[in-house]
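A.B. asks: Starting off with a structure, shown below.
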Amino acid sequence: MVVDLDKYLKPGKDHYLALGLEGSANKLGVGVIKHNKGPLSSTNRAEVLSNIRDTYITPPGEGFLPRDTARHHRNWVVRIIKQALATAKIAGKDIDVICFTQGPGMGAPLQSVVIAARTLAQLWNIPIVGVNHCVGHIEMGREITGAENPVVLYVSGGNTQVIAYSKQRYRIFGETLDIAIGNCLDRFARTLKIPNEPAPGYNIEQMAKKGKHLVPLPYTVKGMDLSMSGILAAIDSIAKEMFGKQQKKLIDEESGEPITAEDLCFSLQETLFSMLVEITERALAHVDSNQVLIVGGVGSNQRLQEMMKLMIQDRKNGQIYATDERFCIDNGIMIAHAGLLSYRTGQTNQLNNTVCTQRFRTDEVFVKWRDD
């Protein structure tokens, strides 16, 4: 089946423009993307005209509450939209469709962004499209890297899933049974009072590079799924013994050297990433694929990419794909891109069907724009 992506091209135009708004967590992103007519390919790539982002950052040891995050988004959304349009050198009347994150995510921040999206759609009298946050990550990753039909490892603050495409759905082959990997890293960063700027997970990554002693932690893989709450509880307990009132010194049995905070970050990363590599490799075998695409904020972690690369090298013609922080970390351009793909196949939302949802499964989305 060949999908017609130009059925809804406006008369006299040879391209499409979409504005995307992302605000499912603490990052507010607005992006403008351009698709030329015809199917996207290696010779007809989507063009990123602007990709502006602002992050709500809290003090060390604190997370971000939905109410405060939503206030940040409301305060900044108009300025970010204006900046995105100015960077793209276009006006509102040039936009074909408004795209917004419909879920999953934090309720209050999502609601702040959808209000802005509805306002723009009515102000400029153009269609509006709700986008699944995960599908946005996948489609942007595929477009930027050129990955054809990879197994997708989606790792972020709110999601951890192993995904593969089949029959116009992104099927979930494995996922976390409790907390997401980004949540696990962020919460441990709060335990250690690690700064939240530019991001707690990034700061843990930098500390882990200085670690060299592996502290034993639970390793919880259950078939294709994994659990991280027990690992977090275990390493939190160790950290509180070391840096709390007890000031207990832990010694590495092999070297006789003291365990440091850097060693804890190193141990947490190595354990979590080993679990992710295991279930991803199992999915590759199941669908007979040799490509892995890593998306989501944690996907920019260099150690995760390195470990995945070591695994994929053992497979014939194995390839790993990942983007940099511009596209791995939550952004508006991925929402614009996925939303524009929906728009080009005639999928739009009526205003009364733009309600956000905190629970929005990846496999709920009908991927109409891909050939079956």
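Here the Cβ of each residue, glycine as well, is placed from N, Cα and C on the backbone.
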A.B. asks: Per Swiss-Prot, which one of Asp178, Asp186, Asp225 shares the substrate site with Tyr154, Val155, Ser156, Gly157, Gly158, Gly201, Glu205, Asn301?
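C.D. replies: When Swiss-Prot describes the substrate site, the candidate it includes is Asp186.
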A.B. asks: What does Swiss-Prot list, out of Asp330, Asp363, Asp371, as binding the same divalent metal cation as His133, His137, Tyr154?
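C.D. replies: Candidate in the recorded divalent metal cation site: Asp330.
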A.B. asks: Tell me the Cα distance separating Gly158 (substrate binding site) from His133 (divalent metal cation binding site), rounded to the nearest angstrom.
C.D. replies: 11
A.B. asks: Can you tell me how far the Cα of Gly201 (substrate binding site) sits from the Cα of His137 (divalent metal cation binding site), in Å?
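C.D. replies: Distance (Cα to Cα, whole Å): 18 Å.
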A.B. asks: DSSP secondary structure for His133 (divalent metal cation binding site), reduced to helix/strand/coil, please.
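C.D. replies: Once the DSSP labels are grouped into three classes, His133 (divalent metal cation binding site) ends up as helix.
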A.B. asks: Under a three-state reading of DSSP, tell me whether Tyr154 (divalent metal cation binding site) is helix, strand or coil.
C.D. replies: strand
A.B. asks: Which residues of the same chain, at least 6 positions away in sequence, have a Cβ lying under 8 Å from the Cβ of Asp330 (divalent metal cation binding site)?
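C.D. replies: Spatial neighbours, sequence-distant, of Asp330 (divalent metal cation binding site): Glu22, Ser24, Ala25, Lys27, Gly29, Arg53, His133, Ser156, Gly297.
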A.B. asks: For the divalent metal cation site given as His133, His137, Tyr154, Asp330, which other residues of the same chain have their Cβ within 8 Å of the site's Cβ centre?
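C.D. replies: Same chain, not in His133, His137, Tyr154, Asp330, Cβ within 8 Å: Ser24, Cys134, Gly136, Ile138, Ser156, Asn159, Val295, Gly296, Gly297, Met334.
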A.B. asks: Quick check for the class: what is the C-alpha distance, in angstrom and rounded, between Asn301 (substrate binding site) and Tyr154 (divalent metal cation binding site)?
C.D. replies: 12
